[in-house]
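Q: Let me give you the structure first, and then I'll get to my questions.
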Amino acid sequence: MIQIENTYFELGQSSLRDCLIICDRGVMDASAYISKEKWEKMMSANNWNPIELRDNRYHQILHLVSAANGAEDFYTTEDHACRSEGVDMARDLDYKSAAAWVGHPYFDVIDNSTNFETKMNRLIEAVCQKVGIDIGDRLLATSRKLKFLVATLPADSEFPPFQDFDVVHHYLQSSGPKVQARLRKRGQKNHWSYIHTIRRPNVHGQSRIEVKTQLTHRDYMNLLAQRDDAHFTIYKRRRCFLINNQYFQLDIYREPSHPRCKGLILLETYSSHSGDALKNYMPKFLNIVKEVTGDPAYSMFNLSLREDWSTTKKFWHPMPGKEGSKTSETKTGDIVVDSD
């Protein structure tokens, strides 16, 4: 499987035109079908690690939840030569397949809360958002980024299966006051992935656009020379988990940092739900203080400022009416569609 993918990746890299590579399955899916012990033995024997196989190999993961989970009336094994499992087994394998990708920085779960046509539109929308294609009114905008303040960190035993990462953010000097540039280093067990992000207003100044580029370690080290001394480096432990077919990232801020970050815990997710419908999807084991989507007091840019907020001229204020809108993210590379 890896060799087949590598062949297509090399063909894409040799193309003179923009190229999008979509894989029906990804390497990590194999871990859902064998025991944890066999998978870890295979990883060790081949000198593999999750950061390379999961995070660096694919730039986006889209998991289409099986009809066996939420659309059981439409689940069938007829006319499907590769499918023989019943609903219960299919549901279990679907969960394991999704869990295999928990921890990927760009992981979207497309569930069965809508009809099939809308489900496909949500899939297309998610890809368009990541590659920076303006979908206009052709597809319904379904979700926005939500952020919540969490009071305390529960015991690990309270969480569903999760992946923890060390994350380091550096803000860089930018080309203008409305442009934000930063580096992110994210990894486990001393294996790392690197991302460069430029956040800027669009040409009409009405919403923000993010351009994300995956970096090599050498590029990352070179760009560190552009660090902005007006900002502290941000250190976090990021916990990723899946619950109720909803993907969450929990950021636990760590020292050294500005005192305003001490003990700070923020939960993020993307959702089209609101009000009571959203509450049904939220983790019940977390003590959520309030929603802080769009609140400048919880913007990482502002949290990292060295100067006092009352005197600095760099404090960022969100554009009215744009809080929580899902920004466009552009990256080069390969996208895996994890489907059932």
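Just so you know, glycine gets a Cβ as well, placed from its N, Cα and C.
All annotation found in TrEMBL is predicted automatically rather than curated by experts.
From a predicted model like this one, the values you see are computed outputs, not experimental measurements.
The domain 'NadR/Ttd14 AAA' annotation in TrEMBL covers 18-118. Annotation comment: TrEMBL describes 317-340 as region 'Disordered'. The compositional bias 'Basic and acidic residues' feature in TrEMBL is assigned to 323-332.
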Q: What are the helix, strand and coil residue counts for the domain 'NadR/Ttd14 AAA' (18-118) according to DSSP?
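A: Per DSSP, the residues of the domain 'NadR/Ttd14 AAA' (18-118) fall into 42 helix, 10 strand, 49 coil.
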Q: So what's the mean pLDDT when you look at the domain 'NadR/Ttd14 AAA' (18-118)?
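A: Averaged over the domain 'NadR/Ttd14 AAA' (18-118), per-residue pLDDT gives 89.
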